[in-house]
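> Structure incoming, see below.
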Amino acid sequence: MNEFTTDCSNSSSLSLSLHSYEVKTEAGGVQKLIVKNLTLEDEAQYTCRIGDRETSCKLMVDEAFRVPTIDHDKVPREITVRAGQAVDIEVPYAGSPMPSMKWTRNGQGLGDSAETDQTPEFCRIKLKSPKRGDKGNYELELANSVGKDKVPISINVIDRPTEPVGPLEVSDVYKDRCRLSWSAPKDDGGKPITHYVVEMMDVKDGEWTEVTKVQGDTQSGVPGLKPDHKYKFRIMAVNEIGVSEPLVSSKEITAKDPWDAPSAPGTPEILDYDKDHAEIKWTAPKRDGGSPIKRYLIEKKQKNGDWEKRDSVPKITKLKVGQSFTLNVKFRGEPSPTPVWTVKDKEITPGEDVVITNPTYQSTLKYNVAKRRDTAIYTVTVTNEFGSDSADMEVVVMGNWESVSSFVPKDATEFVVPKLKEGLEYKFRVMAENAQGLSEPLETEQGVVAKNPFDKPDRPTTPEVVDSDRDFITIGWSPPRRDGGAPITGYNVERKDPRTGRWSRINRSPIREPEYTDSKVQAMKEYEYRVTAENDGGESEPSECSKPIKAKPLKAAPKVDWGSLLSRDISVRAGEPILIDIPITGSPTPTAAWKKNDSDLAPSSRVEQTSGEENAVLSIPVSKRSDTGKYTITLSNKFGEDAGDLNINVLDKPTAPEDLIVSDVFAETCKLSWKPPADDGGGAIAGYDVERCEEGSTFWEVVPGVVNGTSHMVKGLVEGTRYKFRVKAQNVYGISEPVTTDKSILAKNPFDPTSEPRNLEIAKFDKSSVSLKWKAPDDDGGSPIQGYEVQYRRLTNGRPNRPDWVTTSKGLAKDTSYTAGNLPEGAEYEFRVCAVNEAGPGKASKSTGPHVVRDPVFAAGAPSQPNVDEITEHSVSLSWEKPKDDGGGKIVGYVVEMKSGDEDWVELNDPPIKETHYKVQHLKEGSDYKFRVKAVNAAGPGATSRPTSNITAEKQPEAPTIDLRGLKDITVKAGMPLKIVVPFTGFPTLADKTVLMTAKAERGDTGTYTIRLRNPSGVVEGTINATVLGGDITASSIRLTWNPPKDNGGARIDKYILEKRVKGGQRWQKVPGLDQGHRGNRTQPGGGGGI
């Protein structure tokens, strides 16, 4: 607990009971006043009065030093946002003095995308539109003189991926397909890549179309190319945030095989033919197109007919029964195709005698023991995702040679071979025999099929209904196209049992004419028929099966059978299928036409309409609310028509509410109102969902509360924040699309804070209080002013001790005046005022400026008239005496003012000078000036002094003076110039020096020279000694003479000692060569150096 204690003593006891104050009485009559839980507002002067006597003390409160501490519980440690979604983090802290703030990202400084701010309670960082590069580990460090604290914050910015890494390689290019490969993006945007979108563009039309989506791989095949078309491709990576920029192939490709088609084979030649076959041969193409010839395709046509479907020429393998045979194929394709072997349209499965192996890019079929029944055409089909190809190989398994007869006469050259099996192909050979043995055989070149010389006829055409009723069906058909070489002797009719599917003949004997009436039918049942033809060669294959024929009249008006429907009012949920299957009758089959709400309903991709003999069907696989309505079906044929209605109701979520309006907007609430949906979706509106979204964000927040009506009061808004709102309707079938406000609203009261109060000033003050007064604001913000909030701030030397303003504890001032009391004398404050209305405190007034708590000080009196101490052509030096009246306050300085001619007075110095003299410079020579001075105290500038008389800026008269400080006695050699230069000052004068010069000095010029200077202001003299040396000086000797000393010290001079030194040297040397008995002393000649 922070406490302040003061005490005083007296024989009588005192009692005091105030909030936060405690008075204790101790031994000896000492009274102690304890101020508990000190705050800055407790700073004041405290007085203890005992009778007529009192004592005082001044309490100064400074904020205690505290180590910065961050409220870690209120700081999010990890934040994930989408790119462009603003980040605004406030970090609450405490600490004194106010700590310095330092933000870093990944240990480095922040970039330009981040904005930071600091108040005494919070540090803030803002990322207005973060990008993927702004993610990282952020850290805030707060430090002051007593410690520091820091907190880490991880910010993850997720975005769509970067484009896949190229190059986009296109390989395995064929006329109808190719393969693409690429590399994953360098940055997945912070979310896993879900798939890649592959698109291609036919350069001819210039439009991109999607080919496929690829998951978990970076390569894909592209089927469906058009031969000889040019294509470009592009790949886009997709994560849950969005789609990347595309990676585009660097160049176009042409869809064509890596080889060309072969040239045409030679013209076919017919080698042999019969009524059912022809044997042909041809020469191979001259050019194979760069790839081996795989097979030949044969086309045939009748004269003046069209070319029929091509057949292929299979490779023929011949062997004998019991031998093994192997069929081997090689193939290519990417990815590697899968081979499948078939014979007679059935897939071959491996077994005991059948082996299938599939090494890479080839397949082998092996039969270990061939049998006659293995004779067939074998087909191998290879398939991959881009297509398939197949090849045929014929295998002929020939039986062993058998003897036809044990004896043939020697003169016979022909023989009838009995017991042949019809349909089998035979070859024959003949050998001659003599006593030496059997000859080599003569073998037929080709096999012969055992059959009659004429064939069975072709099958008749498909039977069709000629007439029908409830008790008969008459069918007809056309004779076979070919009669097999023998006349048609009759026809047989077969009918299929609908229960067993078995065919049975219904005529007792062959029918001569191509028509037959079946009278053994049941009404309204369906029957199918087929017909065979007979000739001497046998019975033909059955004709194609007729369509189902119903035993019903062929001539009947249409009729809709509504009785079979459960209801003519149909309800379904949106998205469910609608299937209306209505039984109908009529012959010929009626035409069904549908209408919706009396308008024609045309078939479309959504609405399917079908009708047959027995029913008419309307199908909508995926229903929509818009499918609700009255549907009318009309049946018609040439014998009449029938029509009827049914109603379909598609139940769905409602449409969006309408006309969303925001009203009654306040700082924390607003009212929303809207109209119900135009369509309730077939279900009653159960309620509404209300959502809000801060401007600049994409997150919609559900507004709490159950909303049943078409208006809602939204609470909990943050003042100063802009919001958009949306409303969705609910029924039992779902939630509607939202209706959204056209523009955002600002959460603020309908009235604004006031403007600033005007003309705030200190009306009066003393050593413990300050009285303020001001004028009301020009703008009350649309709400009556409730009072005024008076704020103050403690200063030291004119600077705030802390940045924030403190509101006085006395509540709002009701009038435009306020007195702040109990202020400590000598303390420095500044004050400001805010008007308060329903919106809260308004804009603050201008500050009063610094004010020291003291008794009033008045303006000082006038200083003495300034004295002019010096005048030059460009300056004037002034001095003055302090004012006799200091106004009750300390003189803090002086302000000098100047006036030139008729111009206004001008202040020359700011801030005021503390001295009582001042030099005015930069005057214009020859101009006239006046000067005056005023003293400054706490009350401001005082009265001005009397001005000086006119002063002209010019040089003043001056008595001459000679500067002899730089002159020395002069010594020169005879014959040399003697020049005496004497500098001097004075005004007026003609020069600043005078010169006396003798071109050739003589010994007689030695002596003392006197100069006298005179001007109107005075006279001055000066002297200088000049010595001219004679010829006693040679290049190697100097003759010296001197006079004896004036005082020999009371004894005879015995001798002189002569010393010399080099000019500028330090050591003196004794001169040798003086005769014994000579008396001498060290001397120094004038000028020129010493010896």
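Cβ from N, Cα, C; glycine included.
Annotations per TrEMBL:
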- 68-154: domain 'Ig-like' (DOMAIN)
- 164-258: domain 'Fibronectin type-III' (DOMAIN)
- 264-363: domain 'Fibronectin type-III' (DOMAIN)
- 459-554: domain 'Fibronectin type-III' (DOMAIN)
- 473-505: region 'Disordered' (REGION)
- 558-649: domain 'Ig-like' (DOMAIN)
- 586-613: region 'Disordered' (REGION)
- 656-750: domain 'Fibronectin type-III' (DOMAIN)
- 756-856: domain 'Fibronectin type-III' (DOMAIN)
- 862-955: domain 'Fibronectin type-III' (DOMAIN)
- 1070-1091: region 'Disordered' (REGION)
> Summarise the domain 'Fibronectin type-III' (164-258) by DSSP state, stating how many residues are helix, strand and coil.
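Its residues divide into 0 helix, 48 strand, 47 coil.
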> Can we call the domain 'Fibronectin type-III' (756-856) and the domain 'Ig-like' (68-154) in contact, meaning three or more C-beta pairs below 8 angstroms at a sequence separation of 6+?
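When sequence-distant Cβ pairs are counted, the domain 'Ig-like' (68-154) touches the domain 'Fibronectin type-III' (756-856), since at least 3 lie under 8 Å.
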> Any idea what the model's mean pLDDT is for the domain 'Fibronectin type-III' (756-856)?
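It averages 91.
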> Can you name the far-off residues of the same chain, 6+ from the ends of the region 'Disordered' (473-505), with a Cβ under 8 Å from a Cβ of it?
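Residues packing against the region 'Disordered' (473-505) from afar: 275, 453-467, 511-512, 514-518, 521, 525-537, 539-540, 542-543, 545-546, 549, 551.
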> Can you tell me which of 459-554, 558-649, 656-750, 862-955 gets the most C-beta pairs within less than 8 Å of the domain 'Ig-like' (68-154)?
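Answer is 656-750, with the largest number of Cβ pairs below 8 Å.
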> How many of the residues that make up the domain 'Fibronectin type-III' (756-856) does DSSP mark as helix, as strand and as coil?
0 helix, 47 strand, 54 coil
> From the DSSP assignment alone, can you count helix, strand and coil residues within the domain 'Fibronectin type-III' (264-363)?
0 helix, 41 strand, 59 coil
